[in-house]
Amino acid sequence: MGIKEDTNLTANQFSWLGSIVYFGYLAGEVPANYMMQRFSLVKYFSCMCTIWGLVVALHGFCHDFAGLAAVRFLLGFAEVSAAPAVIYILGSWYTKAEQVSRVAIWYSSSGVAYILGGFFAWCIYQADNSFRWRGLFIFYGCLTVLTGIVLYFFLAVSPTEARWLTEDEKVIALERVRANKTGTEVWRFSWPQLKEALLDIRLYIIFMLLVSTGLPNGGITVFGPSIISAFGFSTEQTTLLSMAPGVTAVIGTGVALMVAKFTNRTIAGIWCLVLACIGVTMMFTIPTSNAVARYGGYILTLQFPNCIIFVVTFMTAGVGGSTKKVAFGAAYQIGFTIGNILGPQTFRKSDAPNYYAS
């Protein structure tokens with residue numbers, strides 16, 4: 001939508017803008033987890049969400065690589081607290097049996113964002129060239145600020161903090177999740193729990209899985225529109241076609257849940273990865289003249305993130321203790337961050353426009 005031209009970005013600088021966000025993640029990981037242990041999670045999370053929105057809006061006022069790099073770093077620093085906070089909150093409100101579907105609903109929100117983002121981008125595309133991408137960032141930033149304000153007044157970390165529940169309702173809500181044995185308090189740091197987490201092999205498996213899924217995620221997040229455009233679609237068509245992966249992500253989440261229901265979570269996760277491999281194969285083997293079929297392969301490729309649903313479900317339902325849960329969340333975030341830092345760097349200018357090597 002003109003950001004490369006308006007800010008005079010080179011291909012290498014554009015790749016780095018995708019990676020710099022996750023350097024912000026790394027820098028913010030330890031402070032975020034410390035703050036979540038020491039202060040009210042609702043106040044901290046809602047404030048960070050508001051700051052996150054302000055930083056997104058600031059993208060629209062940047063004029064060169066230096067400015068964009070600065071706000072991209074700050075974006076990652078503010079965003080890093082989102083996943084650990086949500087993981088903890090889901091574990092405090094829902095039973096183990098309910099958490100798979102609740103995590104799936106949360107995770108499918110990224111698909112909804114794809115749909116709405118593509119639609120809003122298409123609407124703003126009709127505006128003056130110089131305002132297109134700037135207006136999009138400002139609009140998204142304002143929405144995120146509004147979300148932060150809503151979270152401050154209405155979000156409750158656990159039933160004990162829900163102002164809209166009566167005392168009897170709080171007791172009922174707590175009794176529902178008592179069998180989880182994961183606790184409801186977030187404020188106390190525990191060295192024994194941290195040691196227990198560091199000695200748990202599952203923490204390192206989760207870390208490696210998030211690195212391996214973060215690699216393609218980082219690249220496709222930045223270069224997805226370029227890949228679609230390379231199939232032979234115009235800029236306006238590419239903007240509209242960016243909505244379809246969101247639809248299939250939501251549908252794919254539902255299918256993955258059905259597979260998990262009739263088999264188990266491991267098989268469902270593998271199913272998502274197999275679909276992604278089929279999609280990559282289609283993009284490689286289908287002739288360049290068949291743009292629609294290659295685009296179909298691209299959509300299938302985007303099913304790989306759905307396997308993470310079952311990782312998050314394990315962390316919400318299978319990890320007890322606030323400090324241990326935060327440690328697993330940190331492993332999740334750091335693995336995701338490293339993968340997303342490396343991902344955009346695999347998309348080299350020499351491989352454009354299809355980026356087959358990546």
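For all residues, glycine too, the Cβ spot is worked out from N, Cα and C.
Features reported for this protein in TrEMBL:
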type     : residues : note
DOMAIN   : 1-358    : domain 'Major facilitator superfamily (MFS) profile'
TRANSMEM : 14-34    : transmembrane segment
TRANSMEM : 41-61    : transmembrane segment
TRANSMEM : 73-91    : transmembrane segment
TRANSMEM : 103-125  : transmembrane segment
TRANSMEM : 137-157  : transmembrane segment
TRANSMEM : 203-228  : transmembrane segment
TRANSMEM : 240-260  : transmembrane segment
TRANSMEM : 267-286  : transmembrane segment
TRANSMEM : 298-319  : transmembrane segment
Contact yes or no, the transmembrane segment (73-91) and the transmembrane segment (267-286), 3+ Cβ pairs under 8 Å, gap 6+: no
Tertiary contacts of the transmembrane segment (298-319), as residues 6+ beyond its ends and Cβ separation under 8 Å: 83, 87-88, 90-91, 94, 96, 99-100, 103-104, 106-107, 110, 180, 182, 197, 202, 206, 209-210, 213, 216-217, 220, 227-228, 231, 244-245, 248-249, 252-253, 256-257, 260, 265-266, 268-270, 272-273, 275-276, 278-280, 282-283, 325, 328-329, 332
Stretch with greatest number of CB pairs under 8 Å, the transmembrane segment (240-260) reference, 41-61, 103-125, 203-228 candidates: 103-125
Mean of pLDDT values spanning the domain 'Major facilitator superfamily (MFS) profile' (1-358): 86
Positions on the same chain near the transmembrane segment (41-61), where near means CB under 8 A and six or more residues out: 32, 35, 67-68, 71-72, 74-75, 78-79, 81-82, 85, 88-89, 133-138, 140-149, 151-152, 155-157, 161, 186
Contacting positions for the transmembrane segment (267-286) when only residues 6+ beyond its ends and CB under 8 Å are counted: 216, 252, 256-257, 259-260, 293-294, 296-307, 309-311, 354, 356
Distant-in-sequence neighbours of the transmembrane segment (103-125), which means Cβ under 8 A and at least six residues beyond its ends: 1, 86, 90, 131-132, 135-136, 139-140, 235-236, 239-250, 252-254, 256-257, 305-306, 308-309, 312-313, 316
